[in-house]
């Protein structure tokens, strides 16, 4: 009864407790119900997101737009990067103006509008309305010169598609940054172990949504039509929005509490440029509290200047750890861009047998469904769906009893190693594929309505690199998320979570920029004689370059992580950190 009475008491901070918590089930049962609703919304939203990203290269490379492989791969990396890079924007709006509940609701509405616009571009009338008529690709005789251009420099409908993808990235990033913390708020009162388990199952729900998307949506997009596939995506977002609104009575919602961005910038300038008097002027909070008694000052909203300084010091310690994860994210996002491009140029088996006497143009009907290339992502997702529960219920408790449980930083280092091995395996496979291409051993295959000249290597050879990147995700991404949330002071958890997602987006954008740089004349990814394929590119060298970058930064990460662990073991540092975290 005491817990129930505590739930009924109004919060001084304006926090709204769930109305239904006064029922006979008690607050603990409703906290789990609220968390389950958040997990379901996340699963549906991720299913929609992966429905867009898994075949975005194929969609842009199709006859609807005729983008070449380099442009399509770069657009996918830019979209993935923006969907993470913009995470602090949604978090800042929630902290300062909207609150997390309203920010998530508006983000889902924007999500619904953006996916609707993307659906419109699939139809001929909608595409002509937004993009105009597609320019004709001039027919030219074969040219042996390396300067022959097979496509126009500006992709068709680029402005419209990039704008739609930007809106979609803004919505997805806002949902990601706010729904994670919003879900943790629902179980915070149940203890630290409940929060840790929530993050594990939150990540599990993400990958369950990916399974749903890859098995159903990706198959429909590749073998039936993008119109039906993207219609399902719009329906998934609409259902997520409906469930989130229906579950409103069981949610704990908190009002906006303000942002510490200005305080952090103030302290940064004080440390870098102490001579700048403007940054050293007293804040309004100091001047307002100067004449107050100590008890009255403690009730002022927002952290004190001492807490600001302590938070800034924590940020200086945590940020280098997260920055050295950026090359890992460069490797990780290849899974949804260049790995897909590589798979389109490997032999993809048919699900059903076809009559060999049927001509090639007639083999694209319903009797010749091909296994979607995006299904290779299932190897990554299946590893996570299987290993996360096993790790949570069996491996971690066993290691804990034996006192061998690695720290979050040690797990992240192990994740970097598996990411390194994944990109090495991809490079070796690409090198082998190019040997078949050099020997003029190619297999023409139709994927949807598009013709690709693939090497006679089975696409199943990509499974090891997807499995390895999936294992790396368990050891790098999940512990990284837990590290960002647990190491941050309570007043900065949202900001540091946003920085974590933002830096992962930086990794995707750096990967896109590296592809663009290597696509310049003379670069490894420069292959103007290839329209829509990569057979004259040297993507194997690109993979090996990423592996080298990952190896160097992994060594740097080990050094930074070692210093961080030694700092945490310092008694004075532990005392100051505990005071900040309350």
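Using the three backbone atoms N, Cα and C, a Cβ is placed for every residue, glycine included.
What Swiss-Prot lists as region 'Disordered' is 1-20. Annotated transmembrane segment per Swiss-Prot: 33-53, 77-97, 102-122, 155-175, 201-221, 232-252, 312-332, 371-391, 409-429, 466-485, 498-518, 541-561, in sequence order. Look at Swiss-Prot and you will find 178, 223, 357, 440, 575 tagged as N-linked glycosylation site, backed by sequence analysis.
Location within the structure of each feature annotated in Swiss-Prot.
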residue: 178; record: N-linked glycosylation site; DSSP class: helix
residue: 223; record: N-linked glycosylation site; DSSP class: helix
residue: 440; record: N-linked glycosylation site; DSSP class: coil
Contact ranking winner - 33-53, 312-332, 409-429, 466-485 against the transmembrane segment (498-518), Cβ under 8 Å: 312-332
Listed glycosylation sites (178, 440), ranked by Cβ neighbours within 10 Å, top entry: 178
Long-range environment of the transmembrane segment (466-485) - Cβ separation under 8 angstroms, sequence gap at least 6: 180, 184, 195-196, 199-200, 203, 318, 321-322, 325, 328, 331-332, 335, 339, 376-377, 379-384, 387-388, 391, 408-409, 411-412, 414-419, 421-422, 425, 493, 496-497, 499-500
Interface check, the transmembrane segment (155-175) with the transmembrane segment (77-97), three or more C-beta pairs under 8 A: yes
Tertiary contacts of the transmembrane segment (541-561) (same chain, 6+ residues out, Cβ under 8 Å): 320-321, 324-328, 330-331, 334, 338, 409-410, 412-413, 416-417, 419-420, 423-424, 426-427, 430, 511, 514-515, 518, 524-525
Residue pair residue 223 (N-linked glycosylation site), residue 440 (N-linked glycosylation site) - Cα distance, angstrom, rounded: 28
Cβ packing number for residue 223 (N-linked glycosylation site), 10 Å threshold: 18
Contact between the transmembrane segment (201-221) and the transmembrane segment (33-53) (at least 3 Cβ pairs under 8 Å, separation 6+): yes
Tertiary contacts of the transmembrane segment (33-53) (same chain, 6+ residues out, Cβ under 8 Å): 18, 76, 79-80, 83, 108, 111, 115, 118, 168, 172, 175, 179, 182-183, 186-187, 198, 201-202, 205-210, 212-214, 217-218, 221, 229-230, 232-234, 236-237, 239-240, 243-244, 247, 250-252, 336, 377
For the transmembrane segment (312-332), sequence-distant contacts whose Cβ falls under 8 Å of one of its Cβ atoms, 6 or more beyond its ends: 263-264, 267-268, 409, 412, 415-416, 419-420, 422-423, 469, 472-473, 476-477, 480, 483-484, 487-489, 492, 496, 499-500, 503-508, 510-511, 514, 546-547, 549-550, 552-554, 556-557, 560-561, 564, 567, 576-577, 580
Distance from residue 440 (N-linked glycosylation site) back to residue 178 (N-linked glycosylation site), taken between C-alpha atoms, in Å: 51
